[in-house]
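Novice: Sequence annotations record features per position, and here TrEMBL assigns region 'Disordered' to A:1-20. The transmembrane segment feature in TrEMBL is assigned to A:40-57, A:77-110, A:122-147, A:197-214, A:235-254, A:260-277, A:307-330, A:350-376.
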Amino acid sequence: MSTELTAKSPAPAPPGGTRSGAGGGLLQLMLDGLRRNMRQYGMLLALGLIVALFAIWTDGDLLLPRNVSNLVLQNSYILILAIGMMLVIIAGHIDLSVGSLTAFVGAFAAVLTVQHHISWPVAVVLCLLAGAVAGAAQGYFIAYLGIPSFIVTLAGMLVFRGVTEILLEGQTLGPFPEGLQKMGNGFLPEVGPTTNYHNITLLLGFGLIAFIVLQEVRDRKRQQEFALDVVPRNIFLLKIVAMVSAILVVTLLLASYKGAPIILLVLGALVVGYGYVMRNAIFGRHIYAIGGNLPAAKLSGVKDKKVTFLVFVNMGVLAALAGLAIAARLNAASPKAGLNYELEAIASAFIGGASSSGGVGTVLGAIIGGLVLGVLNNGMNLLSVGTDWQQVIKGMALLAAVGFDVWNKRKGVS
Amino acid sequence: MAGPVLEMRSIVKTFPGVKALSDVTLTVQQGEVHAICGENGAGKSTLMKVLSGVHPHGTYEGDILFEGEVCEFKDIRASEHHGIVIIHQELALSPYLSLAENIFLGNEHAKGGFIDWRETLRHATELLRRVGLSDHPETRVADIGVGKQQLVEIAKALSKKVKLLILDEPTAALNDEDSGKLLDLILELKKQGITSIIISHKLNEIRKVADSVTIIRDGKSIETLDVKAPDTTEDRIISGMVGRDLDHRFPERTPHEPETGAAPALEIRNWTVHHPIDHQRKVVDDVSINVRRGEIVGIAGLMGAGRTELAMSVFGRTYGLYGTGTVLKDGKEIRTKTVSEAVGHGIAYVTEDRKHYGLNLIDTINRNISLTALSKVAKRGVVDEHEERQVAERFRKSMNIKAPTVFEPVGKLSGGNQQKVVLSKWIFAGPDVLILDEPTRGIDVGAKYEIYTVIDQLAAEGKAVVFISSELPELLGMCDRIYTMAAGRLTAEFPRAEATQESLMRQMTKDKEVTR
């Protein structure tokens, strides 16, 4: 430990070469950025390391196209929950009810489609609405009546689980209509000439790459227009190359199996959408503001109650979406569905950089955190590690991630 | 005087990247009250942390001699064992424990691990009496005022058989009456042979209690002055702190000629507010004030006078239970029931407590500045980050906010720079009326001057400014008119020319006994 400390201490000093004019300021800017996002970069590195380790231990099985495809399917719902949970935690709250809520929505979907033969698109809309109502109910108690979210959602956890069992009378209910099944298990349809790859997936991947490159270039242009400092050209290029190659690898892996799972597209849209909202929308800013300092946000004219309420409504909708995905994947609604998922979602958010006092965190962080847990799960399954040890190891991973962050911050302060 | 009780020789303390103390030498005589003053960030608190063992031996260079022997404290317990006790600016009392339990926290009267209540209460009563408190030792800390809490801290120090008492800005959160009591107590303890070091911004306080004062600037001890010497004036101390002569503590202002024709920018009529818990109590009682464009109007009052409560209740009912009264903007009655409504009518309230009510400390400068007026840098609900950053850069330059970039978390800035961020935030909102509540509290002399200049400029641009302050020289130096409040009521209104510290103070203490 001590050698590490001494080795790191000279790092802040700028290297001799970049002392010319604005260069020092820019370097400082980048170092600051790096330090601020230490948790996220650290986690990204840890994720890479975990992937590499398991790839070696499983003799490459982890990165087989079929397994990557499975990994996405298995973890999509946790990731969807983690996005919503991240918002809740940034706002300074917690939601313990999401696991039960996913089970409830699954049961509701089964009752609608299996027992009452309602067409599945209608059922999906009704389920999302049910999630919104459940979220609104909890949000009302939390935001407008001021009951702590821990209590309200603990109650919700029991209530929704109970209602699920009442709806299902303790039985599993299935199977679902084919359209709904596709949502959990399906892949994009294939068109065009036969290649060794899935054409649509390839096209989508390339489209995404083009979009990202365009976006980054435009962003850089705008910065220059406003006469703000920009990142040096070669670093900018490096960043783009890294992003492009990461997308390319995943695209090729997926395209060489059955193509992109439908749920991955849903998830991708959510990540982009929520990432944008949290970063750029006034609503997102207000979530950070109330989580960071509630009284100050109030005195700045932020409608804190409304924002809190909407954060829980949103969580309800996302939980419903996850619930549908789970039910569709299992092709049945089960009273035990989604057990402990709230804990996985919360762990994802904290591993991904959230703070228990609120005000900190990013959507991308929640995804990284969720993937760390997902790869651990999947890798240990491949190695046939029992669920007993899996839990122990995941617990340690959570503790280590947050512990590292606390240690890193303390080092920064004293 | 039996020679020095404490000598700190050539103390150097380095943090990664910063030299907090570069060469400090401090000599404190036995039985004196020794003041330490310097601008914020000069290194006063760091020095005291070195002395009390918060920064343990080995993390700094230099020697500490206490009662003639070299001390190497490895933690606070070690320094307390020698009789050095520090009372921090933020009080370290546990609110739901009793006074007695707090006094002996970590140092309990116990037999075999169980608390000896009889001895605890007896000793606590004795200690409380010594600091002039007659409250029952089983009272909860949460149920007594801040002034008394400060005294409990001192009682706690006495229980540790203190020889050297260090007080870090002890009166920062106290009103004049409580401050006075505290200072008297320090003098009383001096008679009992307890040496004190007091860190303070308030020069009149230093003059009242201290025997000598050491000035620290930029991590160096500049000089030690004998307070009682005739040439040690306030200006002399200030020039030592800032390293330059400070002829003008306030920017030159030409008194505002009120345009009698136009209606006041803001007028508050017959405003009454009740206490949020004790509904019977009127915290603000039938107050009417007005402020015109281009005018700076002061509100003077002691703590509990109802100044902040007046401002906050007008600003979106953010305090108390609304009673009666009307608010007029440019002669027209307006609704200010929510913060958004108040902001919409061009009113801004800059809080006295920037850390709790003004800033999101974990967020960056640019995002703090834009928060109240996000729609100004947003289109259709989406914030333009580049435009936001440009706005923040503009304020960083114009307000002279000292930070490497606008992406610096606000919590890392010094008090003065934080205050500039809060001001920027509200100036960016583009108000016509600014209510500034203690805008210079807890910030150093240099930053104060900068803030005065900003306020002056705002008035020159035609904004109406309400200036709430506890520092009378500041009100006298800046305002065109000054209202005084006492116990929730308006007691007087002075034009600038007729106000003196004495006349203001007389009105600020008026009728206090009757209404209590």
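Just so you know, glycine gets a Cβ as well, placed from its N, Cα and C.
What TrEMBL says about a protein is an automatic prediction, not a curated fact.
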Novice: Would you say the transmembrane segment (A:350-376) and the transmembrane segment (A:122-147) are touching, if the rule is that at least three C-beta pairs must lie under 8 angstroms and be 6 or more residues apart?
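Specialist: Result for the transmembrane segment (A:122-147) with the transmembrane segment (A:350-376) is no.
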Novice: Are there 3 or more C-beta pairs under 8 Å linking the transmembrane segment (A:260-277) with the transmembrane segment (A:40-57), counting only pairs at least 6 apart in sequence?
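Specialist: No, these stretches are not in contact.
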Novice: Mind checking which residues reach the transmembrane segment (A:77-110)? Cβ under 8 Å, same chain, six or more beyond either end.
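Specialist: Answer is 123-124, 126-127, 130-131, 134, 138, 142, 149-150, 153-161, 163-164, 167-168, 173-174, 176, 180, 266-267, 270-271, 274, 278, 287-288, 290-291, 294, 307-308, 311-312, 314-327, 329, 332-346, 348-350, 352, 354-363, 365-367, 369-371, 373-374.
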Novice: Using a Cβ cut-off of under 8 Å, list the residues of the same chain at least 6 residues beyond the transmembrane segment (A:350-376) that approach it.
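Specialist: Residues 39-40, 43-44, 46-47, 50-51, 54, 62, 71, 74-75, 78-79, 82-83, 85-86, 89-93, 271, 274-275, 278-279, 288, 290-293, 344, 390, 393-394, 397-398, 401-402, 405 contact the transmembrane segment (A:350-376) from elsewhere in the chain.
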